[in-house]
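Below you'll find the structure, written out as structure tokens, and then a few comments.
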Amino acid sequence: FQSHNSKNKYNGDPDLQFLLKGGDLLKVKSKSWRKTRLFRLNEDCKTVWQQTSKTFKSDSSFSLEDIDSVRYGRQTEGLQKYTDSSVEDRCFSIIFKGRRKNLDLIASSKEEAKRWVSGLEKVMTGMHSLNRQQNSEHWFYNCMRKADKNADNKMSLKELKHFLRQINIEVDDSYAEMLFKKCDTSNSGTLEGSEIKHFYDLLTYREEIDVIYGKYASTNGQMSSGDLLYFLQNEQRESVSLEYAKKLIEKYEVDETAKQNKYMSKDGFLIYLNHEEGSIFNPAHKPIYQDMHQPLNHYFISSSHNTYLMEDQLKGPSSTEAYIKALMKSCRCVELDCWDGANGEPVIYHGHTLTSKVLFKDVIKAIKEYAFKTSQYPVILSLENHCSTEQQKIMAHHLTSILGSALLTQPLGHQMPNTFPGPEELKGRFLIKGKRLNKLDAAFNNNATEDVDSVSEEDEAAELKEAEQKPKEKSSKKIKLAKELSDLVIYCKSVHFSNFEHSRDNQAFYEMASFKESKAMNLAENSATAFIHHNMDKLSRIYPAGSRTDSSNYNPVPLWNAGCQIVALNFQTPGKEMDLNQARFLPNGKCGYILKPEFQRDPASQFDPANLRVGPWLKRKTLHVMIISAQQLPKINENKQKSIVDPQVKVEIYGVPDDIASKQTHHIDNNGFNPQWNTKFQFTIHVPELALVRFVVEDYDAASHNDLIGLYTLPFTSMQNGYRHVPLLTKRGNLIPSAGLFVHIMALDA
């Protein structure tokens, strides 16, 4: 049989051969620290080996799963700072998930650097996509014979892991070893004959799937396309056709005979349930599906606060990398705190603190490079301006020269607008938010009479922040504003907020206020309807209290309930608040814009989140959730050999005050491989369009607080009914490849 381990998956693939052979690369850590180190892809095609000292005394491996991306060229701060532009085409960097430092490398030639980048990208994307050979024999034995590389009809643990990867079953190493020992009844260190079948059965056996399959497979114990259709319509509540059921069989059935007869075997059924169509997240909401032509202020906009900070607000590093990370998470409003720097070059940092400084122009270059990689929709640059007029002119120069035609410098159209354009009209554009010397109408008559450097009120957010940091001196100084910078502010002019009536009567649609979280929370609680109406005409930006020096976050939900669009969070801080933010922006192509519900856009609406009278927002649903089981939960404490998790599951609802709820299962002792709860919960949801559902799996500990195993959050309206798999993410939002929850969801009109 053709051997089929991971290496041979790319049989003869020159990129792969290149990586397996490896080679010397120059590792760069500072101006003076540059050392040649050997790197190569390990035989498992899942990890990269790196020599960590010249003498080969020590070495280490990192997993491809830990890599976030590979960047060609001098695309990190380290390479820009410590290398010369002449080596641009020989440089590349490996960016890791989480807080691990980038690996900055220089290859000996341009070709070699490109081969490393394309090779690593290929192996990263190809890790799980394997074209199963079309073979009429039962696919399982077929695959197994291929994995038996030396054709001795025995399988070592290593061969077995290759086999599992090949049949697309992700398995945690410790579970693979545990099952292997269980099945190796002859204690020979290899599995043979019936031991192999036993291993496969143990690995894939899901009692709960058996029960479901048995209930619907009513054609001689098999599931015909008609049976599958009945399951999809009756259990999954999907209005689909027989054609669709046949397509699923074609796509997921692994047994050729079953496929020809338009049947789905139990194996095929399990694979279907584990893929996108069987996921809890509605695949119809994955692409951009909303109307993107509404005025900009009719959308929630994914927004970051003090984007330049990697850690805390007092002494942590400022970095262009933080902007790249936020933009790659589809953040569409980033913040720049600008101060006078040395040599006439403005810098960005958290004023009056020990956070490090980064050049304004470097940040703009990074933003230009990464703004539209994950979303085409507009990016708002929120300027907090503390610069002298001289350096403001430099800022204006950098913005116009670096961003070029992507920078919006005129309102769209030929006459003064009375409302915002939509995200669709602003695709690929940058909007500047900041102070402006005059009304926007001046953009249409070029003989504006304003003095070049009129005095303008200090940026309000900056003023409040400074007042908080230095309460003794009331910050009353005015800041001068350079006309060059003022003219770049089109649709987002920062103004002072007095009250809603004053805004309604005196301020134009493009004039927007920034609110500190406490002020905004107060308005959202006590004047919600007025706030919602204010946000029907204008944009509002909310930012965290200055007292959150640890970069902690506030709950964004009450502010979304009040229709606030730009609810800025510290993107660098993982936790519940960022989970909710990522969930709010999960649908609609993860593009950073979500259309607000109709009742937050319709001027006739009297919606008040805290006082739910009858209205179009009230679509009461009863949500039945059954937490059935989990699969292959990762160990939390890798150090303790014996530490198997004791999992329990919490289901939390966020939304209007009446909908907030939380319920949890009992914990199960010592089983992370396939714990079963079969616990039922019931919730009442009054305003589904503002509700988010969060699943949290924890390791129960009687003595101390529970550790997080994994979680998943999504909007209520993007949830699918029926038997569904829930993927699990780490606290930083990365997918845990082999783990999942299995649930049954039924949302019914109450």
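Heads up, the Cβ atoms here are built off N, Cα and C, so glycines get one too.
What TrEMBL says about this protein:
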type	residues	note
DOMAIN	18-125	domain 'PH'
BINDING	27-54, Lys433, Lys435, Ser514, Arg541	substrate binding site
DOMAIN	135-170	domain 'EF-hand'
CARBOHYD	Ser186	O-linked glycosylation site
ACT_SITE	His305	active site
BINDING	Asn306, Glu335, Asp337, Glu384	Ca(2+) 3 binding site
ACT_SITE	His350	active site
DOMAIN	485-601	domain 'PI-PLC Y-box'
DOMAIN	601-730	domain 'C2'
BINDING	Ile644, Asp646, Asn670	Ca(2+) 4 binding site
BINDING	Asp699, Tyr700, Asp701	Ca(2+) 5 binding site
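Known features from TrEMBL, placed on the structure.
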residue: Phe39; record: substrate binding site; Cβ within 10 Å: 18
residue: Glu43; record: substrate binding site; Cβ within 10 Å: 14
residue: Gln51; record: substrate binding site; Cβ within 10 Å: 20
residue: His305; record: active site; Cβ within 10 Å: 29
residue: Asn306; record: Ca(2+) 3 binding site; Cβ within 10 Å: 26
residue: Asp337; record: Ca(2+) 3 binding site; Cβ within 10 Å: 25
residue: Glu384; record: Ca(2+) 3 binding site; Cβ within 10 Å: 25
residue: Ile644; record: Ca(2+) 4 binding site; Cβ within 10 Å: 19
residue: Asp646; record: Ca(2+) 4 binding site; Cβ within 10 Å: 19
residue: Asn670; record: Ca(2+) 4 binding site; Cβ within 10 Å: 12
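Among the listed recorded positions, namely Thr47, Ser186, the Cβ with the most fellow Cβ atoms inside 10 Å is that of Thr47.
With the fewest other Cβ atoms inside 10 Å of its Cβ, the least crowded of the binding-site residues Glu335, Asp699, Asp701 in this structure is Asp701. For His305 (active site), none of the binding-site residues have C-alpha atoms inside a 10 Å radius of its own C-alpha, out of Lys31, Gln51, Glu384, Ile644, Asp699, Asp701. Comparing the recorded positions Lys27, His350 on other C-beta atoms within 10 angstroms of each C-beta gives the minimum for Lys27. In the set Phe39, Asp337, His350, none of the recorded positions has a C-alpha within 10 Å of the C-alpha of Tyr700 (Ca(2+) 5 binding site). Here Lys433 (substrate binding site) comes close to Cys333, Ile380, Leu381, Ser382, Leu383, Val489, Cys492, Lys493, Ser494, Met512, Arg541: these same-chain residues lie at least six apart in sequence, with C-beta atoms under 8 angstroms from its C-beta.
Residue counts for the domain 'PI-PLC Y-box' (485-601) under DSSP, split into helix (H, G, I), strand (E, B) and coil, are 49 helix, 23 strand, 45 coil. Residues in the domain 'PH' (18-125) partition by DSSP class (helix H, G, I; strand E, B; coil) as 35 helix, 40 strand, 33 coil. Note on proximity: of the binding-site residues Lys31, Asp646, Asp699, the one nearest Glu384 (Ca(2+) 3 binding site) is Lys31, by Cα distance. Considering only the recorded positions Lys31, Thr47, Ser186, Asn670, Asp701, Glu335 (Ca(2+) 3 binding site) has Lys31 as its nearest partner by CA-CA distance.
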